[in-house]
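Q: So that we are looking at the same thing, I have put the structure below in structure tokens.
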Amino acid sequence: GAGVFGHLSDSKLGRKGSLTAVCIINAIFGIATAFSPNYWVYVALRFLTGFSTGGVGLTAFVLATEPVGPSKRGVAGMSTFYFFSTGIALLSGIAYVFRSWRELFIVSSLPSLFFLLIVIPFISESPRWYLVRGKVDEAMELMHTIAKTNGRHIPAGVTLSLDDEEDKEGERNNVVEGSLQDVLNSPLARIRLILAIAISFTVSIVYYGLSLNVGNLKTNLYLNVFLNAVTEMPAFAITAVLLDRYGRKPLTIGTQWFSCVFCITGFVVGGVGPWKTVRMVSGVLGIFGMAGTYNLLFIYIAELFPTVVRNAALGCATQAAQMGAILAPFVVVLGEGLPFGVFAVCGLVGGGLAFYLPETLNKPMYDTMFGMHEAESNRGRDQVC
């Protein structure tokens, strides 16, 4: 779902169109799951719901952050994840009230329906997507609306242009295409994609693994899920504050290694007596660190790739994260202490891989592959000089 809707979001459907589509599918098949007559129908409907859910986060995130400038993008991007954690915290209470899985599927699918009816009609398409699709007039109209809302004014005669245009008026309405093939053909973009996929995979194993590992801690399941969700919120706040001060790269490394330290602690200590509490606290603090990384990666990866392939690249990273989520339960069933050891190794490796990514703090979001390569080449020459 992340890969398919990531591609559609970059091409024909756009950010808003893809978000609308995934919400429709999510609402329909999520509610339909509650009426499954047998196991195989249940599996099929869960697959289709998961297919749509894979596209929700990345399309919503890119749509929310693309119009934001570099000075506020970190704070704006991290703020979106409070709603994710709030949803998990509320889910623990909803699951406690609605013990029947059929009722739970209906109730948990209603937000997608409400979002379709109440929120999406008031959301605008991304001006960057309009621009790369050759719809300059629509992009400018939206920019004027944004400026007016902010109490600003765009002077007459000012227009938007792509970062690979050289004032060619006749070409300003051309559609600029991009695909994963373009990313793989570019040495610069290819290494970024490989690193983004690898880091997303290791981070997801730890993030989802620690969440699922609450069953091994032999404490209250509902309370632990609630605490894990609430713990994420200060992680977002702290990360958002530090993000624009120290940069994306140091935070990506630091938050993973912070989680790694507490996973090592959970691996070393026992699971009886007071040590059971120490292990639970280690798990909560491990999620604290990895939640910051998990959501920071959305901002980081979105800034690493140009508009024409942004959602496709983010979709690949999200797919890798979901593969990590699939693997996480197999790590959890290893026992009480051993999963913490696996999570520690993943945090250590993920942080090490982040060393090879470039910093994107206060850098512009590029629109085209050519624009990104040109800017990076110029920066390399400036550093040499």
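Placement of Cβ uses the backbone N, Cα and C atoms for every residue, glycine included.
Because TrEMBL annotations are produced automatically, they should be read as predictions rather than curated entries.
Relevant sequence annotations retrieved from TrEMBL are reproduced here:
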DOMAIN    1-362  domain 'Major facilitator superfamily (MFS) profile'
TRANSMEM  17-35  transmembrane segment
TRANSMEM  41-63  transmembrane segment
TRANSMEM  75-98  transmembrane segment
TRANSMEM  104-123  transmembrane segment
TRANSMEM  193-210  transmembrane segment
TRANSMEM  222-243  transmembrane segment
TRANSMEM  255-275  transmembrane segment
TRANSMEM  281-300  transmembrane segment
TRANSMEM  312-332  transmembrane segment
TRANSMEM  338-357  transmembrane segment
Q: Would you confirm whether the transmembrane segment (104-123) and the transmembrane segment (17-35) meet the contact rule of 3 or more C-beta pairs below 8 angstroms, pairs 6 or more apart in sequence?
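A: Contact confirmed: at least 3 Cβ pairs fall under 8 Å.
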Q: Any residues 6+ beyond the ends of the transmembrane segment (222-243) with a Cβ under 8 Å from its own?
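A: Residues 74-75, 78-79, 81-82, 84-86, 88-89, 91-93, 95-96, 210-211, 214, 251, 255, 280, 283-285, 287-289, 291-292, 295-296, 299, 361.
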